[in-house]
Amino acid sequence: MAKQDYYEILGVSKTAEEREIRKAYKRLAMKYHPDRNQGDKEAEAKFKEIKEAYEVLTDSQKRAAYDQYGHAAFEQGGMGGGGFGGGADFSDIFGDVFGDIFGGGRGRQRAARGADLRYNMELTLEEAVRGVTKEIRIPTLEECDVCHGSGAKPGTQPQTCPTCHGSGQVQMRQGFFAVQQTCPHCQGRGTLIKDPCNKCHGHGRVERSKTLSVKIPAGVDTGDRIRLAGEGEAGEHGAPAGDLYVQVQVKQHPIFEREGNNLYCEVPINFAMAALGGEIEVPTLDGRVKLKVPGETQTGKLFRMRGKGVKSVRGGAQGDLLCRVVVETPVGLNEKQKQLLQELQESFGGPTGEHNSPRSKSFFDGVKKFFDDLTR
């Protein structure tokens, strides 16, 4: 039976670039992958055709030979009759396409390093500014304490793979070419576990929860990340463990807002204090301190208290506390208070008194000029 053209199998033109071929391969491989078509022999056969076409058309030498001689270029040694061995190496195929998803890859595979873990830690502003030590509990994979990560039953050892003789690779003949592929027997590790550990069933790792004490340095902020080396999941078969990353999130504070190493807060004062000046108490993270408010203070004025902010997590200068004054309009006035305010307003020369309310005069002068310009 004549073999189908490789370009037709992938649905690309004979002038297709490599990226087009890879894109077509990914789409078709996902569609016909055996895991998605279990028990479907036609899909498995189609999948093998797709792999065969892909391996030829993405190799410049093989593609040139195929374009010149067609399938005859690979008949000696036979792609179809043993060139790829009995059955497709699915993990190796998807090592090219999806990387770590299926764990494939060329050549002997080293035991995989343990996965990194992430823990989201919420802190109060006070904890973030001063630093704190917290205990956390995380689910993870730890090295099996029976086989000590080897995966083999105590008293036994992993055996050298008889197919690849420990290299993790097998050589396949494809017409004019000899190529190396991941050993399908040991999946590239070079060893096999004949007598698996009864506790971890040959994986070398077991699921556990562990408690860690995490020291948070003073000055951290939302988005900062603390790395605990080697506290991630244990690696496979004795490989190094991954790391644990603690992601910091600082809760909103009822009084202070943080911007870099500076803190901001709003301080309400009554209009008499704003006009006459005086002394008030304002909060800081270290307690209350006194602040002198000069007379004629307007809403929005910022008072800087140096060194009352946050010390940089990287060392160096400490930030400041900036207090923004908000002048409050009095509410709930009794008749006497209203009368006094009325007399005060009259003493100003009305609502827009020029001398006592310079900003009001400036505003209304601007409004008058605006309308005068419109009527010209």
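Just so you know, glycine gets a Cβ as well, placed from its N, Cα and C.
Lifted from Swiss-Prot, the feature list:
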DOMAIN    5-70  domain 'J'
ZN_FING   131-209  zinc finger
BINDING   CYS144, CYS147, CYS197, CYS200  Zn(2+) 1 binding site
REPEAT    144-151  repeat 'CXXCXGXG motif'
BINDING   CYS161, CYS164, CYS183, CYS186  Zn(2+) 2 binding site
REPEAT    161-168  repeat 'CXXCXGXG motif'
REPEAT    183-190  repeat 'CXXCXGXG motif'
REPEAT    197-204  repeat 'CXXCXGXG motif'
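Here the features listed in Swiss-Prot are placed on the structure.
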{"residue": "CYS144", "record": "Zn(2+) 1 binding site", "Cβ within 10 Å": "20"}
{"residue": "CYS147", "record": "Zn(2+) 1 binding site", "Cβ within 10 Å": "25"}
{"residue": "CYS161", "record": "Zn(2+) 2 binding site", "Cβ within 10 Å": "20"}
{"residue": "CYS164", "record": "Zn(2+) 2 binding site", "Cβ within 10 Å": "22"}
{"residue": "CYS183", "record": "Zn(2+) 2 binding site", "Cβ within 10 Å": "25"}
{"residue": "CYS186", "record": "Zn(2+) 2 binding site", "Cβ within 10 Å": "24"}
{"residue": "CYS197", "record": "Zn(2+) 1 binding site", "Cβ within 10 Å": "22"}
{"residue": "CYS200", "record": "Zn(2+) 1 binding site", "Cβ within 10 Å": "22"}
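Proximity of distant same-chain residues to the repeat 'CXXCXGXG motif' (197-204), defined by a Cβ-Cβ separation under 8 Å and at least 6 residues beyond the stretch ends, is recorded for 143-147, 149-154, 234, 236-238.
Cα spacing between CYS144 (Zn(2+) 1 binding site) and CYS186 (Zn(2+) 2 binding site): 21 Å, rounded to the nearest whole number. Taken as a whole, the repeat 'CXXCXGXG motif' (144-151) shows an average pLDDT of 90 in this prediction. Here the CA atom of CYS200 (Zn(2+) 1 binding site) lies 18 Å from the CA atom of CYS186 (Zn(2+) 2 binding site). Taking the centre of the Cβ atoms of CYS161, CYS164, CYS183, CYS186 as the Zn(2+) 2 site, the nearby residues of that chain (Cβ within 8 Å, site residues left out) are PRO162, THR163, HIS165, GLY166, SER167, GLY168, GLN169, VAL170, PRO184, HIS185, GLN187, GLY188, ARG189, GLY190, THR191, LEU192.
Between the C-alpha atoms of CYS147 (Zn(2+) 1 binding site) and CYS164 (Zn(2+) 2 binding site), the distance comes to 25 Å. Apart from CYS144, CYS147, CYS197, CYS200, the Zn(2+) 1 site neighbourhood in this chain, defined by C-beta within 8 angstroms of the site C-beta centre, holds ASP145, VAL146, HIS148, GLY149, SER150, GLY151, ALA152, PRO196, ASN198, LYS199, HIS201, GLY202, HIS203, GLY204, ARG205, VAL206.
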